[in-house]
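**Q** What follows is a structure written as structure tokens; I'll ask about it next.
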Amino acid sequence: MSENSIRLTQYSHGAGCGCKISPKVLETILHSEQAKFVDPNLLVGNETRDDAAVYDLGNGTSVISTTDFFMPIVDNPFDFGRIAATNAISDIFAMGGKPIMAIAILGWPINKLSPEIAREVTEGGRYACRQAGIALAGGHSIDAPEPIFGLAVTGIVPTERVKKNSTAQAGCKLFLTKPLGIGVLTTAEKKSLLKPEHQGLATEVMCRMNIAGASFANIEGVKAMTDVTGFGLLGHLSEMCQGAGVQARVDYEAIPKLPGVEEYIKLGAVPGGTERNFASYGHLMGEMPREVRDLLCDPQTSGGLLLAVMPEAENEVKTTAAEFGIELTAIGELVPARGGRAMVEIR
């Protein structure tokens with residue numbers, strides 16, 4: 001079987017970050033008294049559901065450690081590797097850091113798919129690592145019933161510049177660096193609904209590095225940062241709000257969206273992860289049409305950075321973004337928490 005004839009997505013029950021365990025189930029898994037052990041040098045653990053762990057070396061520098069892997073979201077092996085690696089490396093950028101090394105995680109059904117196809121996946125991962133300026137230094141592989149690929153990535157960051165998802169403040173404006181709709185477009189493609197002019201758009205967005213995060217970290221007015229992945233914009237924004245004790249007002253029309261995404265939602269191209277996200281976070285939302293809900297809960301794979309920015313830093317953030325070819329528009333704001341109001345209001 002050649003790399004050109006296979007459809008990797010046929011060999012997995014999930015796709016990309018959409019195969020994440022739901023937040024509700026994850027809460028049960030992670031609930032443990034032992035998890036309360038605290039190392040004073042561990043600046044960021046799993047208590048705020050940040051993008052990565054951060055360990056203070058005590059010399060002004062901290063180490064960032066993260067891992068991310070998933071099943072195929074596209075059929076092309078090389079692109080699958082690129083997307084999975086780009087998604088994993090993004091966690092380092094979301095913390096404001098610089099990646100320095102990665103190792104691969106590979107699960108492969110060796111009796112179903114040839115090692116040559118696995119090599120193409122790995123080469124895609126290596127290509128993404130080179131784009132980030134790091135080596136794919138090793139890894140671990142197992143014989144698995146479904147193809148899985150990802151990375152464990154190590155990075156560094158000046159301790160004073162670590163960006164968490166829990167340090168946002170009321171008054172911050174919200175910015176998103178990539179358009180929403182990755183889950184919708186990839187689902188539309190699987191259902192043979194995707195128009196020719198939209199072919200490859202989701203892959204292009206997923207392969208785009210969030211390298212700007214390291215530069216955003218240098219801006220004092222960037223108070224919080226996270227990447228939007230499997231829990232959708234609603235999930236990751238809710239976690240930012242919960243961690244900081246604030247609420248959000250979002251302008252739906254200002255949210256960047258992939259072309260055709262609203263049409264595909266109406267045609268039923270909604271991934272299964274969308275409903276799981278709504279089941280976990282829907283109670284935090286105000287009233288809104290079903291189509292709006294489905295986009296805000298759409299699981300993103302290798303999605304954009306969500307930034308909480310003080311108004312006085314807006315111009316500097318936009319200028320920095322432009323240096324990376326990113327055009328930013330505020331999609332909302334954070335406000336003081338008030339009882340009786342939805343955590344995330346859509347206008």
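Glycine residues also receive a Cβ, built from the backbone N, Cα and C atoms like all the rest.
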**Q** Please pick, from ASP143, ASP227, ASP251, ASP294, the residue that Swiss-Prot records in the Mg(2+) site together with ASP51, ASP91.
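**A** The one candidate that Swiss-Prot places in that Mg(2+) site: ASP227.
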**Q** Taking only same-chain residues 6+ apart in sequence, whose CB is under 8 Å from that of ASP91 (Mg(2+) binding site), what do you get?
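**A** In sequence order, the residues whose Cβ lies under 8 Å from that of ASP91 (Mg(2+) binding site) (at least 6 apart) are ASP51, ALA52, ILE64, THR66, ASP68, VAL153, ASP227.
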**Q** So if I draw a 10 Å sphere around the Cβ of ASP68 (ATP binding site), how many other Cβ atoms end up inside it?
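**A** A 10 Å sphere around the Cβ of ASP68 (ATP binding site) contains 25 other Cβ atoms.
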**Q** So for ASP227 (Mg(2+) binding site), how many other CB atoms are inside 10 Å of its CB?
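**A** Its Cβ shell of radius 10 Å holds 25 other Cβ atoms.
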**Q** If the Mg(2+) site is taken as the center of the Cβ atoms of ASP51, ASP91, ASP227, which further residues of that chain fall within 8 Å of it by their Cβ?
**A** ASP50, ALA52, THR66, ASP68, SER90, ILE92, PHE93, ALA94, MET95, ASN210, THR226, THR229
